């Protein structure tokens, strides 16, 4: 029955990678054959140069021509394979680029969808209000820091030159007082109570009448 109806081919189609590798392998085989033919041509060339013109040399030339024809055939086949491989590489690159583009577009669509969902929870007015509030708080904090860092200054009336002059005059007054006799000095303000009883030179209390007699 299989001979009449055949068998369905369920094998998967080769991929571009597989086809490219296969052609690359065949190109390698062609290169080996071409290199081998080049070695034969070199050998025939030496024989032709070493042989005198005549039937023997002509026979060697005929063999060399056949080898050269075979080499040309392999080179044409190799060039065709190289062109096919280049086209397949271009197709592979274009296919991969399209896949990358599809993946990128899909990811961007999902990203846009996620952004729309997240933006529903954010309002620009709320962001502006928050920024204004933060700026106000920072300004207020700066004012507090400036107030705390303010230096305490002496009144403007206390000039340094005036203080220096006062200090010099105080020194002169102190020197004058030190050199002046005690009886010429201005009496100091009494510190005792006038109604308090007086005492004599021995420390004994003096009566009021006695005090009047002394006066």
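The backbone N, Cα and C atoms fix where each Cβ goes, glycine too.
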Looking at the ranges 29-81, 82-134, which is given as coiled coil in Swiss-Prot?
29-81
Model confidence for the coiled coil (29-81), as mean pLDDT, reads 91
